[in-house]
């Protein structure tokens with residue numbers, strides 16, 4: 001007289017462990033970001049170093065934005081893209097560094113579940129936007145040097161503004177899928193992320209159930225994004241270098257190389273570090289190396305970029321000198337009622 005199991009009961013018994021896990025995941029309301037576990041004195045030292053780097057990064061990138069804004073000579077596609085890039089860098093460091101600074105002084109180092117995924121979304125969306133801006137800047141240099149006669153008609157200021165808007169929109173649309181997929185995983189503890197930000201690799205390791213499909217989708221997504229933009233950028237600069245080598249005058253060659261050289265340095269720094277992080281499998285890198293590489297591309301490159309672009313560029317140097325002269329004059333003049 002034992003009752004035969006129905007399909008419904010079999011299905012429910014299969015789903016039960018997952019539903020328990022999912023209900024447990026609701027209780028995981030926060031994550032702990034380990035950051036850099038070390039003595040209090042070293043934490044204060046690291047806080048001071050990163051605070052100075054953060055302030056210098058904001059000042060350097062703001063100087064570029066103001067120089068482009070105030071100098072009419074710089075209202076050209078190349079500098080409009082550069083000002084957008086500097087604006088992006090300000091928000092890129094702001095998505096991680098203030099939280100990291102707070103954690104250096106905090107006892108708990110906790111971040112809420114939603115806060116973690118918001119940081120994950122903004123940090124990676126801005127990283128993606130950066131790959132698109134670097135591509136747009138490479139294409140702009142290709143047009144200017146390889147197609148100089150067509151350049152004024154092809155890359156107008158309006159078209160440049162549309163390109164910049166496209167970079168922002170695509171950058172912030174791309175990462176919606178990976179963030180959604182990872183946020184749907186059941187998290188039931190432990191809740192400690194061995195990193196200073198909410199990174200997909202350490203996050204996926206905290207899931208109660210293995211998620212090979214999500215891991216593969218994220219790896220393919222990262223690889224396609226990184227390699228397609230990297231291939232586009234390197235092809236553009238290869239064509240630029242070939243064209244520059246044909247320029248008869250040494251002065252012309254030097255001018256073209258100084259502009260493209262600075263772009264290439266920025267591309268190498270950024271892509272070199274993100275390839276180490278996201279193209280190699282998630283399990284491949286020890287946590288320590290992951291943190292150092294992430295620090296390099298998320299904190300150090302936004303600091304170097306204004307230096308690289310302004311030191312290698314005569315027009316930018318002149319504009320910055322003009323900007324500092326204006327600021328000095330403003331300080332000297334007494335406030336008029």
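All residue numbers here begin at 1 and follow the chain in the order shown.
Every residue gets a Cβ built from N, Cα and C, even glycine.
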Which range of 292-311, 312-331 is transmembrane segment, per TrEMBL: 292-311
Long-range neighbours of the transmembrane segment (77-97), counting only residues six or more past its ends (CB under 8 A): 50, 53-54, 57-58, 61-62, 64-65, 68-69, 119, 122-123, 126-127, 129-130, 133-134, 136-137, 140-141, 144, 155-157, 159-161, 163-164, 167-168, 196-197, 259, 298-299, 302, 305-306, 309, 315-316
